[in-house]
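First up is the structure itself, then whatever we jot down about it.
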Amino acid sequence: PKARGGSPWLGGAWNGSGGSLDLESVVQPLALNPWDVVLCISGTIISCENAVVVVVIFYAPAFRAPMFLLIGSLATADLLAGLGLVLHFAFVYFIPSEAISLLTVGLLVTSFTASVSSLLTITIDRYLSLYNALTYYSERTVTRTYIMLILTWGASICYGLLPIMGWNCLKEPSACSIVKPLMKNHLIILSVSFFMVFAVMLQLYVQICKIICRHAHQIAVQRHFLASSHYVTTRKGIATLAVILGTFASCWLPFAIYCLLGDYSYPALYTYVTLLPATYNSMINPVIYAFRNQEIQKVLWTVCCGCFSATMPFRSRSPSDV
């Protein structure tokens, strides 16, 4: 018989002709799948990176501003996603169990949903910091931030509980999606939600680009800058936003599209090829949203080599700079 490797999410096996779920493999030893090893390694890197961000944000009392709370939410979601990938690998190959697999699936759905949603909240916060610059630093902003965090994690937890509450295809393999044991309808809802989030982020970044161009032009006129300086400043801001949105789209769009078009009978290879780049987004997020921030860099240097004093005052920054 052919050796069979674990599915991307559940400890099931894929047959040689397609991606159908073989529930008997839950209690049988599985041949080690290289793709699962790569996902586990990715999960380990993701966990380490984002654990550093979470510790740094909780380490310094200065990181209690709304923008850092949102970055902390993103890092926490990505940290859970990384841990979920590692735990899934461990349970699939060492402690195969349907109940435990459903828990790890729920954790992964919750964490990746919270990660994407946190990116949306950061985008909203950036836009509002530019659009309402005069009133941004107020108690109203703090309240709005907590509301966004509650909605983000509330919706993510609800999505993650669906497989555990019975919305899975363990008893009906024909209803499975490309990501077992999630049902096709569940994955369609997740994919449509992603496209809605992406559309809102795209629209907000277009508006941010317009505000950046307008502000750069006003500063250039007031300070009598040359047109070339205005052009350089504007191009730099737009390029940064393009990198942020482009990275997000290139990581998640292939998987989201395949979730809508793919079928449970398709080869598991297609799922792995599209899922792996999606996990890379959680690996790149700390670099884009945390490690580029000068205040976080100062704390990292303090912790690593004591180059800066822990009591060093931080320069207030706009979320648009983060």
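Backbone N, Cα and C define each Cβ position, glycine as well.
The shown structure was predicted, so the numbers you read here are calculated from the model rather than taken from an experiment.
Sequence annotations record features per position, and here TrEMBL assigns transmembrane segment to 35-60 (among others).
Summarising the annotation, TrEMBL assigns domain 'G-protein coupled receptors family 1 profile' to 49-289.
The feature transmembrane segment is assigned by TrEMBL to 67-94 (among others).
Feature annotation from TrEMBL assigns transmembrane segment to 100-124 (among others). Beyond the ends of the transmembrane segment (100-124), by six or more residues, the same chain brings 9-11, 26, 67, 70-71, 73-74, 76-81, 83-85, 87-88, 91-92, 145, 148-149, 152-153, 155-157, 159-164, 168, 170, 181-182, 190, 193-194, 197, 200-201, 204-205, 248, 252, 278, 281-282, 285, 289, 319, 322 to within a C-beta distance below 8 angstroms of the stretch.
Counting residues 6+ beyond its ends, the transmembrane segment (145-167) has Cβ neighbours under 8 Å at 66, 69-70, 73, 77, 102-103, 105-111, 113-114, 117-118, 120-121, 124-125, 181-183, 186, 189-190 in the same chain. Annotation comment: TrEMBL describes 145-167 (among others) as transmembrane segment.
Among the features that TrEMBL reports, transmembrane segment is placed at 187-206 (among others).
Annotation comment: TrEMBL describes 238-257 (among others) as transmembrane segment. Below 8 angstroms of C-beta separation, residues 116, 119, 191, 194-195, 198, 201-202, 205, 208-209, 212-213, 273-275, 277-278, 280-281, 284, 288 of the same chain, each at least six residues beyond the ends of the transmembrane segment (238-257), sit close to that stretch.
Counting residues 6+ beyond its ends, the transmembrane segment (269-291) has Cβ neighbours under 8 Å at 8, 19, 35, 38-39, 42-43, 45-46, 49-50, 52-53, 56, 71, 74-75, 77-78, 81-82, 85, 112, 115, 119, 122, 178-179, 243-244, 247-248, 250-252, 254-255, 257-258, 262, 297, 300, 322 in the same chain. According to TrEMBL, the transmembrane segment annotation covers 269-291 (among others).
Nonlocal intrachain contacts for the transmembrane segment (67-94), taken as residues 6+ away from its ends with a CB within less than 8 angstroms of a stretch CB, comprise 6, 9-11, 30, 32, 36-37, 39-40, 42-51, 53-54, 57-58, 100-101, 104-105, 107-108, 110-112, 114-115, 117-119, 121-122, 125, 129, 145-146, 148-149, 152-153, 156, 279, 282-283, 285-286, 289-290, 293, 317, 319, 322.
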